[in-house]
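Novice: What TrEMBL records for this protein is below:
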type	residues	note
SIGNAL	1-22	signal peptide
REGION	1-28	region 'Disordered'
COMPBIAS	1-10	compositional bias 'Basic residues'
COMPBIAS	12-28	compositional bias 'Low complexity'
DOMAIN	34-136	domain 'Rieske'
């Protein structure tokens with residue numbers, strides 16, 4: 001399941017903070033295709049869970065001890081295996097990360113950027129909380145759209 005990241009991908013009631021602008025995303029935004037994936041309470045803290053979106057893509061959800069929830073692509077870009085949800089959650093210099101369970105590459109949860117190989121990254125999805133239900137946008141963000 002998802003866990004938040006450093007630049008406010010913090011889940012709050014009906015609002016998602018995006019890493020790029022830190023401006024709230026309107027929940028009624030017609031450009032975002034939101035899917036309810038699970039109740040917040042079933043997502044364990046500091047552990048990942050996989051969820052399948054309606055378009056068939058899989059996301060790894062992570063919930064941090066701070067309350068933040070993140071959603072990144074579940075496919076390991078190095079092996080092609082759907083295993084990112086089984087990675088180890090932690091931080092590097094205060095930045096929330098997940099370490100891939102196979103090759104041990106480290107990815108920022110907020111941007112999907114691989115800290116061990118600049119050519120690799122995970123897609124990042126916006127997350128919001130509606131009531132106590134985690135919703136994920138099918139729209140994939142890349143490092144370019146998040147940072148510049």
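Residue numbering: from 1, along the chain as shown.
Glycine residues also receive a Cβ, built from the backbone N, Cα and C atoms like all the rest.
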Novice: Which numbers of helix, strand and coil residues does DSSP report for the domain 'Rieske' (34-136)?
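Specialist: Secondary-structure breakdown of the domain 'Rieske' (34-136): 6 helix, 52 strand, 45 coil.
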Novice: For the domain 'Rieske' (34-136), report the average pLDDT of the model, please.
Specialist: 96
